[in-house]
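For reference, the structure is listed below as structure tokens.
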């Protein structure tokens, strides 16, 4: 009867196992998530996903993995980079590296397996959920570390020891691994496909809870950075007053001007960090709370790509801009070039 589907047909289809790439459009609208799909990516329905978006996500994952692998290599191979601050940067790099590996693995699995089995989908979802959660928590840890370093500069430097930082990171990663294990422990919608969210295999309530958590985390980071700016400006004013008193006979204005200029530069950097985080994550978090799986997949792809690219921006902001890491990279590059051009030429044999 044309495109009309009866209740009996729907009941027989719902009781039978899904057949890949054979769903009618009417059934696809009723069961949009009958095929499992990893977290943070669009839930497949009757239309096949747009290959350019899949390739873009895979390319983003490759860039993420390469950049963060370079940061980890520098941190591991440089003995001087063992301070607690660099441990936090290493945790962020490891989380973003796993995020990139998860995106590449998702692309490869989808190309090899058709359809993707439930176990593989849950494993990929757990990997991505753990990696992105660890990345967000590492960003929060770095923000708290910067705030305490500025707010309690005299006492925090003595209390922030390497064993304390390692214990904190161990607790952070155990928590994130526990969050990533939730899909395999039953927190998924594979048994009830009509309850899936755009972040399959999470249900709508679970996706909403995850989005609220990310928004709360962003709000807390924003609050800490505002406090950092307030404390930085207050310290700059106090130092300027002290220099004016000490150098009363001289001309203190250039020093004060340079100090205020440096503070404003730091505030601009913090503003860039916050704007990047908000642009990459907030739209996807809000969309996951209000969206329905029947919406066009291109919306989810369009919002998931910036969220994934945020893990490619982190090593630039927190790693490559650090003077110590820049110095280590320069030394490694110079050493490599010196060894490359100083190799002895092959001796020619006498005839």
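Counting begins at 1 with the first residue displayed.
Any Cβ shown, glycine's included, is placed from N, Cα and C.
Ranges compared are 301-320, 321-340, and TrEMBL records transmembrane segment for 301-320. It is 207-226, from the ranges 7-26, 27-46, 207-226, that TrEMBL records as transmembrane segment. Looking at 250-269, 270-289, the range tied to transmembrane segment in TrEMBL is 270-289. Remote same-chain partners of the transmembrane segment (162-187), defined as residues 6 or more beyond its termini with a Cβ less than 8 Å from a stretch Cβ, comprise 39, 82-84, 87-88, 91, 95, 122-123, 125-131, 133-134, 137-138, 141, 201-203, 206.
Within the model, the domain 'G-protein coupled receptors family 1 profile' (67-318) shows a mean pLDDT value of 84, rounded to a whole number.
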